[in-house]
Amino acid sequence: MLHSKKPNRVVIKIGSSSLTSLHGEVSRKKLEKLVDQVVALKDEGMEVVLVSSGAVAAGYRKLGFIERPSSLPEKQAAASIGQGLLMESYSELFLSHGYVASQILITRTDFSNENRYYNMSNTINVLLERGIIPIVNENDTVTVDRLKFGDNDTLSAKVAALINADQLMILSDIDGLYTDNPSTNPDAKMLEHVTEITESIEAAAGDSGSAVGTGGMKSKIDAVKISMASGISTFLGKADIPDILIDAVNGNAHGTYFENKPESANLDRKRQWIAFNSGPEGKIIIHKKAKEALLEGSKSLYSGDVKEVKGKFENGAVVKIGDDSGEEIGVGVVNYSTEQLQEGTDGKKKAIIDREAFVCYFDFCIPASL
Ligand SMILES: Nc1ncnc2c1ncn2[C@@H]1O[C@H](COP(=O)(O)OP(=O)(O)O)[C@@H](O)[C@H]1O
Ligand SMILES: N[C@@H](CCC(=O)OP(=O)(O)O)C(=O)O
């Protein structure tokens, strides 16, 4: 066990395959087992947010399909049936234990809008303070393909970061991260502790999902990158192991624990938003010397550092910072619009990007792929 303190605020993500049958129905038995464990954590005084997939899987059969449909409108139609069914079952089960569940449906654009981002956090905080169990899913029926999370792994890590959770627990149909896909390689070994997402871990994750899930191991690793950069320990384990959540919060569950090395820096909430949620609107290319200073953390970015401005943005937008070799260095909040930058900012003392509003992609930093 790497972490010593028992978490107080936890986010639990459960995948479609762990909640529904292969025939497209919510499995009452699976749901009951999950709810019983969440109730046990609540009874211990913990704050719990559930990120639950399963809307499409629970709805497609009632829509008249015999297997999960593949087109977006069909999946969205299935989700609009399944989400209601899922919530009905959750509400009923939690109420039978004296707890109230609430539904929160989120899209990717809710994270990229800074006001909505803070609103979501405030709402979830009120619910948690009042003992409610928020149940989060992607708002499948309205999201367009290009902007979809698609799987809920990344969504769960973003929710965990948003509310400063102590621990993220991802429950799946597999008992942990393996050195290779265990369904195709019987020699693959499970990793119990991971302190860094290395290239070999990314390679091991591949990108395949199961018949009812979508994310596969790749999206779980993408999620872990976000939670690790936000200083949140993450557990990945098998949903159908009895008491897995209870053991996971106690640090002795069978599964994979992802934990930052103690010396790793964590991003505060503002920088988390800049790094993971903002959706950069343009790009500023800077000189080599400015890049070195920026990466050393020694200075903000001034007009003399800028070589080229790409795209169109207003002041206050988040932009990417790159060098002329094409390498991306990071992202930051810009204090000038494109027009102001093109007119020239010489003579203005204000930095183009303040050091505190810049998040680099290197060192402890955020992998460029995010
Ligand atoms: N390195 C790996 N370790 C574990 N599982 C892997 C790995 N690579 C691929 N997988 C696959 O990822 C699956 C889990 O993803 P998925 O079915 O989408 O889960 P969920 O529905 O719980 O989100 C596993 O069942 C396994 O087939
Ligand atoms: N929002 C979707 C999640 C899609 C999905 O299958 O996710 P997952 O099972 O976590 O890989 C749903 O509720 O059906």
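The chain as shown is numbered from 1 upward.
Glycine is treated like the rest: Cβ placed from N, Cα and C.
Copied over from TrEMBL:
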type	residues	note
BINDING	Lys13, Ser172, Asp173, Thr214, Gly215, Gly216, Met217, Lys218, Ser219, Lys220	ATP binding site
BINDING	Ser53, Asp140, Asn152	substrate binding site
DOMAIN	282-359	domain 'PUA'
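Features recorded in TrEMBL, as mapped to the structure shown.
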residue : record                 : Cβ within 10 Å
Lys13   : ATP binding site       : 30
Ser53   : substrate binding site : 30
Asp140  : substrate binding site : 24
Asn152  : substrate binding site : 28
Asp173  : ATP binding site       : 17
Met217  : ATP binding site       : 25
Ser219  : ATP binding site       : 25
Contacting binding-site residues for ligand 2, chosen from Lys13, Ser53, Asp140, Asn152, Asp173 when the Cβ sits under 6 angstroms of any of its atoms: Ser53, Asp140, Asn152
Alpha-carbon distance [Ser53 (substrate binding site); Asp173 (ATP binding site)] in Å: 13
Candidates Ser53, Asp140, Asn152 (binding-site residues) - the one closest to Ser219 (ATP binding site) by CA: Asn152
Distance from Asn152 (substrate binding site) back to Met217 (ATP binding site), taken between C-alpha atoms, in Å: 12
Where the record names Ser53, Asp140, Asn152 as binding substrate, the maximum Cα to Cα distance in Å: 11
Listed binding-site residues adjacent to ligand 1, that is, members of Lys13, Asp140, Asn152, Asp173, Met217, Ser219 whose C-beta is under 6 A away: Asp173, Met217
Three-state secondary structure, which DSSP defines for Ser219 (ATP binding site): helix
Counts of helix, strand and coil residues, the domain 'PUA' (282-359), according to DSSP: 18 helix, 31 strand, 29 coil
Between Lys13 (ATP binding site) and Asn152 (substrate binding site): CA-CA distance (Å): 7
